[in-house]
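Since the structure comes first, as structure tokens, the remarks are kept for the end.
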Amino acid sequence: MANLEVSITHLPQPIHTLFMKGKESRKSGNLKEAMFYYAQVLDRIQAISENTVDLDRFRSEVYLDISAIYWQQCKWKKAEEFNENALKIAEKLEEKEIFVKCLGRKGDIKWQQSDYDGALVNYTKLLKIYLSLEKKDTDIANLYQDIGHVHFAQGRLNEALTQYEKSLKIQLSVLDHNHPDIARSYNYIGEVYCDQGKYEKAIDVHDKSLKIRLSVLDQNHINVAESYNNKGNVYFKLGKYDDALSIYEKGLKIQLKVFGDNHFDVANSYSNIGIVYAAQGNLEKAIPLYKKSLEIRLSVFGDSHADVATSYNHLGNAYSQQAKYKEAIDMYKKSLKIRLKIFGPNHLSVANCYNYIGNAYYFQGEYEEALSMYDKSRKIKLLVLDHNHPEVADLCDNIGLIYREQGELEESILTHKKCLKMRLSVLGSNHPDIGKSYNNIGSVYFCQGKYDEAISNFKESLKILLSVLGDSHHLVGNLYNNIGNVYDKQAKYEEAISMYKKSLKIRLSTLGCKHPFVAGSYGNLGNCYSQQGRHEDAISMYQKSLDIQSHILGSSHPGVAKLYANLGNVYSSLGKYKEALSMYNDSLKIQLSVLGHNHPGVATLHDCLGTVYSKQGNHEEALSAYNKSLKIRLSAFGHNHPDIAALYINMGNVYRNQGKREEAICMYKKVIEMQSSVLDQNNLLTAEALTNLGIVYTDQGNHSEAACAFEKSLTITQSALGHYHPDVAIIYDNFGTLYGCEGKYIDALSMYEKSEEIKLSSLGRDHPDLAKLYNNMGVVYRDQGSYEEAFSKFNESLNIQLAVFGNNHPDVATSYSNLGTLFNYQAKYKKAISMHKKSLEINLSISNHDISQIAASYSALGNDYSKLANYHEALSMYKKSQKLLSVFNHNHPSVAKLYLDMGTVYSNQGKYDEALAMFQKSLKLSLALDYNHSSIGSSYGQLGKVYHQQGKYEEAITMHKKSLEIESSVLDHNHGNTDIAASFGNLGSVYLQLGNYEKALSLYERSLSIHLSVFGCNHPDVAKSYINIGNVYKLQIKYAKAIDMYEKSLKIQSSVFEMDHPDLVLSYSNLGSVYHNQGEQDKAICMYQKSLKIQLAVLDHNHPDIAKSYDCIGNSYRIQGKYDDALSSCEKSYRIRLSVLDHSHPDLATSYYSLGMVYDDQGKYEEALKKFNKSLQIRLSILKEDHPDIAILYYSIGKVYENQCKHKDAHAMYEKLFQNMLSVLDQNNFDVAKLYHAIVKMHDDPGKHEKALAMCKKWRVIKSLDFS
């Protein structure tokens, strides 16, 4: 402002003294004291009776000084009032000197009130007057400075610089180059350069100013302190906080020496130093300094001054940093109240208060309230400032951030780009705020998953910041951090770690080791290590971060809460669910206390809890947590937000795990439908929803829809993340699973190999995701019958998991379970049980374990015991599993599978009614869960097998045809599928039993064709198909062809299995049966004994299969007439069966039959009849009377009666037999022919020739058919 002086030499000495004391008090900042002296001056002037021109001039000088004090105190009306008093005197005296002073003061008041246009009008008028009065050049220079101040406040930095340079040019022309006024001009120019981001130039001119002041003023002069403070401001902007502190403290030292400790300049210095400490995260030092500053300002200005309001803002910022948002808002509102009182509603400082309050609401997640505050601030700034002013741009940035958080990403991008355009027009292309705009745009692209665009913008921002701020500024560190975040999402973990370490290095050097940003760097490194599976390293980083955050921010800060959540994530990955839940709950407790119940951060914690509950199989708790999160997010964002989409995916996953597939599909489709309103059609959330939808379709057997969903997801993911991202690998994994379900094992392995290539390159060799992949590959190799490769893959998986997780992790349990199942396939049942028990032990040891996993372990053990014919133990395991699965209210696919397993045990026990009940339960549940799913086909197939065993052949055929129909509708018929092959095999077995050998052979060959197309030539299922075909040839008396089939089977089994595998038993025993039928009993016994040797090696010696071998050996000995050996073998078989099977089991009936045959051949007819009748009694209790096994017994009993010459009894048996055979077998069946022959013999006695002749003719017709 222009310099004003009035001669007071003619005043009385007391008035002169009081006036000078007032000036000194004002100069020292003691405004109250100054007002006290000026009030006395006015009283004494009033007492002077003579009113002279000099007195009026003096009075106007006092009025102007008082106006200046009120101006400093922000009491604008009072300032204007006393300025008007001085103006009246100027008009009265027609004194232009006083007039211009008043006009200048009027401009000062308008400027301070943010009436910049009004101030400019006044200063422009004043300039014209100065020029007309030929005022001193220095006064004009000062006025140019005043005009520059207005432009500076309006953000017109170039115009401001022009005015300051005009002022400097005049001063340099008339003043000594070391004049203090020139130093002041350099000061103003330095401030412009600082705001323009031209920090080196700013320091240069501030150094010039300081040099002048030190040369002409005392080194402890207040103007020297001002230069130190201005230079400190530049160091602060450069992020050189230690340098800033050092120079601020120099300034403060001078101020304290000059003014003492109660001056507003001292208060300003305390504030500046506090701001630096706050930037360093040292709030323990910052807050006391803010409070000191506030205390001084209150004592100097009272409680209604703009500087007091500023102190409240500083405290509000500190509380906000501490996440004490309620206290922060209280401070901001105090500030707002003062500013509204001083400035009215349309002042910049009022707008800034609204902005601060908006920030607090933003951090609390109250986005609508934040927007409301930002909008109030924006309206004021647009009234006062140019529309392109940097402060208006700053508000645009804040609004863009809100849109981003609300998921309105396109709106956010537009807002940030608008902000960038504004800044470019004012600041040029090389300003830190331009870098800030590019950074914010990059952050939105990051949220959209547009990582290339994000990187491009981050790098543009980095380029600017490096050129302006150098390579050691914390903002540069922030950019490295953001670029690291992108690399992390792209799974470029090494690049991400490199960026995070660069960021950390800068932050440590500029902010020190105890700053929240440093903690953030450690946290991000922890995230990266966690993604890499380096969980111990991750925990170490999180702990470092937690220590810093807790030290700086206290234990109840959201930053601390976030770290607890991150630790929870690691513990969750490690399967330490109890620890994970503890961390999440600690985090939630903090978030609730700080942010309240409706903050998105609280919703995120509910998400985390839901995920752990889901992993534990605690699905109801998971859904409850997700629903809490959903309620919060819907109230915060509405229905169309990416976070809502992510939540629907999580809920869909729970429904999928519950077996509620329709609900899961509904959730995933909601996300896919959101792409039109919220999500870009190429959004990664859309891709994730499609992937999960594909998984459900795979579970349902809807393979074409699954493939379509995976293809769409793959296209989106590859376009967003490139072709070598782990998320791409996940889709390949799902394709692999799909192809495995379809029996396309080569295609499945191809997909897994693609996944492996990606995971090895991005995750390294020791990552848990690679272990999961190896498990998946192992399953395919197992299903292919490539057991060595399967074992290798399962072991690779297990070794990785043990190294990463230790012994007690769910994934380790899964690997043991997979090994157990492999051993089960290999008939290494004891090893299988050992592995499954290990798996069970781990699952039980995990706190808050997953119920479904424990149930699966019990079921797997049940399968092992079932194979060992330990049916009691098997059922015990299944029932334990059933009890655990009851939490699903019997409405889960695992329950349906369990009923199938239990039914199989009952079937093996000969408890067909119980078996049927179980299979029907499974069918009912499968139908309720998923119509047309292959599990329904399995249920029909198992029902068909029981009906077959019961001799209910029509029902059996109906069931197997239903099974085939279901499987054909959901599986790929062109490539074939093992389930379809199994149905063909099952149907073939029924037709074989009915004697329809051609039909049976056709079905078996179709089954073989599928197996060959799926597995190639060397698979156990191919071997079984050869056995089935061999069985047809055997019954057709085509023994050479039968032997060829059995030997083909044996060759495959010998190459696939070790020589003691039970599958070899099938081939040896069937070869034995052919040799038996051919009358080559020695060869038959040799085969049976080979079979027996294997069984004794791998099975418990009381296993029913061993009993069968003894039975076969006994029958061969009987044919050889070695009755003692025959009885010995048959009794061994009988004792085994009696010890392990129910007394009404069909196998026990078989033993009675075999013993009866030996007794019959020995001529011990009564003993034979007893055994045959016992066998008949059992069979009649479980089979229909028209079953072939009943027929055999009628025939055998009839034959005994015939040998006893009890022809009437024999005839009765043969008649029963005849009716039985005709109701089941074709009239042209070979067994029917034999039956006719037997009846002919019975009727070949006098008086019955006609009937005998008819029977004989029928027998000869059938016998003439080609059964050779």
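Placement of Cβ uses the backbone N, Cα and C atoms for every residue, glycine included.
Unlike curated records, TrEMBL annotations are generated automatically.
Copied from TrEMBL, the annotated features are:
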{"type": "REPEAT", "residues": "183-216", "note": "repeat 'TPR'"}
{"type": "REPEAT", "residues": "225-258", "note": "repeat 'TPR'"}
{"type": "REPEAT", "residues": "351-384", "note": "repeat 'TPR'"}
{"type": "REPEAT", "residues": "435-468", "note": "repeat 'TPR'"}
{"type": "REPEAT", "residues": "477-510", "note": "repeat 'TPR'"}
{"type": "REPEAT", "residues": "561-594", "note": "repeat 'TPR'"}
{"type": "REPEAT", "residues": "603-636", "note": "repeat 'TPR'"}
{"type": "REPEAT", "residues": "645-678", "note": "repeat 'TPR'"}
{"type": "REPEAT", "residues": "771-804", "note": "repeat 'TPR'"}
{"type": "REPEAT", "residues": "981-1014", "note": "repeat 'TPR'"}
{"type": "REPEAT", "residues": "1023-1056", "note": "repeat 'TPR'"}
{"type": "REPEAT", "residues": "1149-1182", "note": "repeat 'TPR'"}
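When pLDDT is averaged over the repeat 'TPR' (603-636), the result is 90. Only residues 6 or more beyond the boundaries of the repeat 'TPR' (603-636), in the same chain, are considered here, and those with a CB under 8 A from a CB of the stretch are 365, 367, 406, 561, 565, 568-569, 572, 575, 577, 580-581, 584-585, 587-588, 591, 597, 643-644, 646-647, 650-651, 653-654, 657-658, 810, 848-853, 888. Here the repeat 'TPR' (225-258) is broken down by DSSP into helix, strand and coil counts: 31 helix, 0 strand, 3 coil. For the repeat 'TPR' (477-510), the list of distant contacts is 239-241, 435, 439, 442-443, 446, 449, 451, 454-455, 458-459, 461-462, 465, 471, 517-518, 520-522, 524-525, 527-528, 531-532, 721-722, 725-727, 762-763: same-chain residues at least six beyond its ends, Cβ to Cβ under 8 Å. Only residues 6 or more beyond the boundaries of the repeat 'TPR' (645-678), in the same chain, are considered here, and those with a CB under 8 A from a CB of the stretch are 407, 607, 610-611, 614, 617, 619, 622-623, 626-627, 629-630, 633, 685-686, 688-690, 692-693, 695-696, 699-700, 852, 888, 891-894, 929-930. Beyond the repeat 'TPR' (561-594), the same-chain residues lying 6 or more positions past its ends with a Cβ under 8 Å from any Cβ of the stretch are 323-325, 519, 523, 526-527, 530, 533, 535, 538-539, 542-543, 545-546, 549, 555, 601-602, 604-606, 608-609, 611-612, 615-616, 768, 805-806, 808-811, 846-849. With helix defined as DSSP H, G or I and strand as E or B, the repeat 'TPR' (561-594) counts 31 helix, 0 strand, 3 coil. In terms of DSSP secondary structure, the repeat 'TPR' (981-1014) contains 31 helix, 0 strand, 3 coil. Each residue of the repeat 'TPR' (435-468) gets a DSSP state, and the totals for helix, strand and coil are 32 helix, 0 strand, 2 coil.
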